[in-house]
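Colleague: Below is one structure. I have some questions about it.
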Amino acid sequence: MSLFKAYARVLTYLKKEKNTSLLICAANVMLAIITIAEPILFGRVIDSIAEKSAIILTLTIWVCFGISHIIAYVLVARSADRLTHRHRLAVLTESFERIIAMPLSWHQQRGTSNALHILLRAIDSMSAIWLDFMRQHLSTLVALFILIPIAFNMNWRLSIVLVVLAIIYVLIARLVMRKTKDGQAAVECYHHNLFQHVSDSISNVSIVQSYNRIREETSALHNYTNDLLKAQNPVLNWWALASGLNRTASTISIVCVLLLGAFFVAKGQLRVGEVVAFVGFAQLMISRLDQMSNFINLTVSSQAKLQEFFSMEDSTFHINEPENLPCLQNVKGTVQFHHVTYKFPNSSQGVFDISFKVKTGQTVAIVGPTGAGKTTLINLLQRVYEPTFGHISIDGINIRSINRESLRKSLATVFQDAGLFNRSIHDNILIGRATATNEELYEAAKIAAAHDFILKKTDRYNTMVGERGSQLSGGEKQRLAIARAVLKNAPILILDEATSALDVETEARVKDALDCISHNRTTFIIAHRLSTVRHADLVLFLENGHLIEKGNFQELIDKGGRFYKLLKAGGLIIDQPTIKGEDKNVIPLREAIAS
């Protein structure tokens, strides 16, 4: 993307504030005209003094122009600042909404922290460009276009000096842009590496401290900063050189204007006031050219990060589902996989040709070794991923033909990682259903065996759970996640190893609650416990992404296939009768696999 295209696209983000932006720009154009008038009036004041003629009127007009310029500039600058900050937050919010709505595959490919880094850096750059556009860019262009003809009208010979100066500025800018293009792209790459390392180290701070990696991680950060500086310094050197060359050219231009002006005054071809006015023109043009140079510097330095942001934005529009898709309503819970295949990008892993049907209210246990595709299967049902081949239907409706929001309203999921926000316990449970009453929320917590431990906390339901639930134990986090799913009260329940972090006693209580809420509700369970599998209506045994066996527990035992071998090898956790000796779920392994 060229520099001009990047700049133009940045300005398109102002279209929602088009009227206000145009009004500010129009005011800036008027300011540019006033600015050009000032040196002319000042020159006439000098001529009036030199000729000892009436000066009051000219001086008054000049002073009024100056005061008006100051007041107008303050008002325009304030309006531009307010609009920029307001719109910066608006674009940030809109982009954030699109990013978090992206499928998990999008985040896995790009990296969530990387997407955040791109977003924040690009928003900062765009807001700086917006502000400069409304304050300076347009008025600078207008001033230059008006200034040159007026200068030629005053004295074409002195004007040639200004034209040469403008050409020198343009040539210097083109040279520096060409020399720094690759370097600036490398700088942006090193910025990403640095941010990624910092984010990675902090998010794994427990591992860093446990394995005494503080010195090594800090040393690695020093290496990243050194690489960044090695790439950044040549770019900075070129822009410093450009600044020096511009200053040299502008100084020489002023000297030339003064010398030529003195020569023409001596010959009687110019008045002193005209020379003074022309010097003012030259200084005005130099300031405008400096502004243009700074603008080019800003845009060039932002070009790489803006291109990444635009690429990310385009991908969100490309992946987003079509508008006006119908909603999934009155869900009964019949789920069917029709020859579903999904393969992870750049990997041989995935699920392949999966077909099965679950009737309304049935419980499905998904079993298999690590990496078999159990969680992938669940993610496909939630449209975290989209099948490469085949399709999934709920109540006979292809889930790709309905909008994701309505689909996910019909699903309540408890993940292996509880996924808590750094908010209060109350707010974390309320995520299940934002319109729920406190009584409904408390009841959900009781069902999930969470109410008692919550009441023992100092602030009870107002207790902050910390980042990702760091202030809670594993079991407490899991019970809050279950309470959240209970509160949602969706027709399809998904339990991704939901009780894996619970002790035996708590699990027994939670299992009773889950049995209660899964009654007459289609339930998918990624299972590692024998009792769960034994009471499932349908058991799916996955291996290497393929559905090897399916049927109820006894059918798979009688078959004597891979599921049977998994049981014999101790591949499922056998419940220990530490709570209720008479619990029907607690059976010896030999009884479970008895032929």
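Glycine is treated like the rest: Cβ placed from N, Cα and C.
Among the features that Swiss-Prot reports, domain 'ABC transmembrane type-1' is placed at 21-301, with the record citing sequence analysis. Sequence annotations record features per position, and here Swiss-Prot assigns transmembrane segment to 22-42, 55-75, 128-148, 152-172, 248-268. Among the features that Swiss-Prot reports, domain 'ABC transporter' is placed at 335-569, with the record citing sequence analysis. For Gly368, Pro369, Thr370, Gly371, Ala372, Gly373, Lys374, Thr375, the entry in Swiss-Prot reads ATP binding site, with the evidence type sequence analysis.
Tell me about the setting of these features in this model.
Modeller: For the transmembrane segment (22-42), the residues of the chain that approach it from at least six positions outside its boundaries are 58, 61-62, 65-66, 68-69, 72-73, 75-76, 79-80, 83, 133-136, 138-140, 142-143, 146-147, 150, 276-281, 283-284, judged by C-beta separation under 8 angstroms.
Residues of the same chain lying 6 or more positions beyond the ends of the transmembrane segment (128-148) and with a Cβ under 8 Å from any Cβ of it are 7, 10-11, 13-14, 21, 24-25, 28-29, 31-33, 35-36, 76-77, 80-81, 83-84, 87-88, 159, 162-163, 166, 281, 284-285, 288-289, 291-292, 294-295, 298-299, 302.
Away from its own ends, the transmembrane segment (152-172) comes close to residues 144, 242, 245-246, 249-250, 253, 256-257, 260-261, 264, 270, 274, 277-278, 281-282, 285-286, 289, 292-293 of its chain (Cβ-Cβ under 8 Å, at least six residues beyond either end).
Listed as Cβ neighbours of the transmembrane segment (248-268) (distance under 8 Å, sequence separation of 6 or more from its ends, same chain) are residues 155, 157-158, 161-162, 164-165, 168-169, 172, 274-275, 278-279, 282-283, 286, 289-290.
Across the residues of the domain 'ABC transporter' (335-569), the predicted structure has a mean pLDDT of 85.
Around the Cβ of Gly371 (ATP binding site), the same chain contributes Gln349, Asn544, each under 8 angstroms and 6 or more positions distant in sequence.
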Colleague: Across all the protein chains here, work out how many other Cβ atoms are within 10 Å of the Cβ of Pro369 (ATP binding site).
Modeller: 13
Colleague: Within the chain of Ala372 (ATP binding site), which residues six or more apart in sequence place their C-beta under 8 angstroms from its C-beta?
Modeller: Leu542, Glu543, Asn544, Gly545
